[in-house]
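Visitor: Below is the structure I would like to discuss, written out as structure tokens.
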Amino acid sequence: MFDGYDSCSEDTSSSSSSDESEEEVAPLPSSLPIIKNNGQVYTYPDGKSGMATCEMCGMVGVRDAFYSKTKRFCSVSCSRSYSSNSKKASILARLQGKPPTKKAKVLQKQPLVAKLAAYAQYQATLQNQAKTKAAVPVEGFNWGNYINSNSFTAAPVTCFKHAPMGTCWGDISEGVRVEVPNTDCSLPTKVFWIAGIVKLAGYNALLRYEGFENDSSLDFWCNVCGSDIHPVGWCATSGKPLVPPRTIQHKYTNWKAFLVKRLTGAKTLPPDFSQKVSESMQYPFKTSMRVEVVDKTHLCRTRVAVVESVIGGRLRLVYEESEDKTDDFWCHMYSPLIHHIGWSRSIGHRFKRSDITKKQDGHFDAPPHLFMKVKEVDTAGEWFKEGMKLEAIDPLNLSAICVATIRKVLADGYLMIGIDGSEAADGSDWFCYHATSPSIFPVGFCEINMIELTPPRGYAKLPFKWFDYLRETDSIAAPVKLFNKEVPNHGFHVGMKLEAVDLMEPRLVCVATVTRIIHRLLRIHFDGWEDEYDQWVDCESPDLYPVGWCQLTGYQLQPPAPQSSRDSQSSSSKQKKKAKSQQYKGHKKMTSLQLKEELLDGEEYSFLQGASDQESNGSASYYIKQEP
């Protein structure tokens, strides 16, 4: 990326003296390669001693870190401000008929100055935006230490198309150079130095300062999308000083030549990287928008809810009838569980009418185009019919794939599905999946992929055989060709770390691991918890995020459960059998604030989003032939 380098010493720096404007740059030695950055020239310390005081703002600092040949100013902005103060005198001289001085040349170069000032203001705006996204630390847990101590690998950002920068991450990889704050420095002001990416883990990068070679003693983790990480060249355009770390300051007498050699041909972040980060974190859903969302107490119907808050694309929805705003539901804005107002009526889905007959002041319907679009299907020919059998992820027990039945065929490709042997008499626990959902499978899917299929409750003829069951129930299997067979190249591998929503308690985002991959289906394990809490999730689920997502968006991350909590949960789960009924609570993990509390049943069950998509182990064995 770099085909040269703007080197800098006292005799090659730009000047702000009374004899020259700061835009005039002395010729550089022909023996050094040059890197141009918006017309600016780098200034680096040469290890010379001495302090200086800025003539504009009065700041005291290392003289070699100051701007201009005479080291009179601490930054470009101070030099520019000092120069502008002489403009009145220059204009007065012209009015009096006196010849213009060299300082008056600043007036003629206003377009360049304006551009640089606009760029500096733009960078400042991005920094202010970043500051508003305060990171949420998790006491006692650090992703960097967790990954380093166990040699874990994290899923790359490109696996998560719905996450910030998921579609424009580019070729950010090990070896990329950036400019970051220099924490190994005793100066009273904030200074920077160049570092290289040693390891990537989602959004997080392990960085090493240039000059440390194989010494990892001062390596540190940093969120690549954070406000303190910049492309090489940012300091020059922003007038920020580059100062080598104190630990290695003695290693070289000419840091300028060292950096020229190390950076020539190296890669850095795109110049508009911070702008892309900011743009990718703008979300179309706003507070007070009304949507239709699944009723968490009766899966078979939807209710009206209002967006109460938006964090990283995740929505906290409060059911419209909740007076104290405690009856809420969390989901991502791309979740298949939310829809525009009027969706239920349009497809024939059950809907709970609100007791509120009039919209509350300030509430307004979310535009239909904001919601995730489903793939169009042709229902004119052979299609799903009521009574057909299939296999489906149980939304009340996401670790299980169960024997299921199509109970009702709705419009636009939607299906109401019930779990055999566990259905309520009134059908209140039926749930809606689209025909293209990656959470429903043809008969035989589990057998061919060596997944344990959960038979109907009370079914005594074990081991379960589909051929016998279809004959006993006088039913037929849904045709294989009607199911979604697309398997994207998702990039996940077994063992990868990520941050995942506990869909049985969807307000929680937890440290998690991919433990199995079946085509596009991922088995997500929550670190520190029993396998019974695992969940089957699609590879394109909007409820999966890269390592560092919580820190970037300001969401609370749930760390792995400590041993004491696991023992408590294990003994409790052995005493309590799951009851699949309208009172089903599911296995709920305790938050970090509840780990010392006794496990209690919730008042209502929660469930998982029904659809998610991803990975491939080869599609040749995706289905087995149905028995005659």
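Note that Cβ sites are derived from N, Cα and C of the backbone, with glycine treated the same way.
Below are the features I grabbed from TrEMBL:
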- 1-18: compositional bias 'Low complexity' (COMPBIAS)
- 563-573: compositional bias 'Low complexity' (COMPBIAS)
- 574-590: compositional bias 'Basic residues' (COMPBIAS)
- 609-620: compositional bias 'Polar residues' (COMPBIAS)
- 45-80: domain 'FCS-type' (DOMAIN)
- 1-31: region 'Disordered' (REGION)
- 558-592: region 'Disordered' (REGION)
- 606-628: region 'Disordered' (REGION)
- 141-245: repeat 'MBT' (REPEAT)
- 253-349: repeat 'MBT' (REPEAT)
- 351-456: repeat 'MBT' (REPEAT)
- 464-560: repeat 'MBT' (REPEAT)
Visitor: Taking the repeat 'MBT' (253-349) alone, what is its mean pLDDT?
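Guide: Summing pLDDT over the repeat 'MBT' (253-349) and dividing by its length gives 94.
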Visitor: Which residue counts does DSSP yield for the repeat 'MBT' (141-245) in the helix, strand and coil classes, in that order?
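Guide: Reading the DSSP string over the repeat 'MBT' (141-245) gives 16 helix, 30 strand, 59 coil.
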Visitor: By DSSP, how many residues in the repeat 'MBT' (351-456) are helix, how many strand, and how many coil?
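Guide: Its residues fall into 10 helix, 36 strand, 60 coil.
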Visitor: Looking only at the repeat 'MBT' (253-349), how are its residues distributed among DSSP helix, strand and coil?
Guide: 22 helix, 35 strand, 40 coil
Visitor: Per DSSP, what is the residue count of the repeat 'MBT' (464-560) in each of helix, strand and coil?
Guide: 18 helix, 32 strand, 47 coil
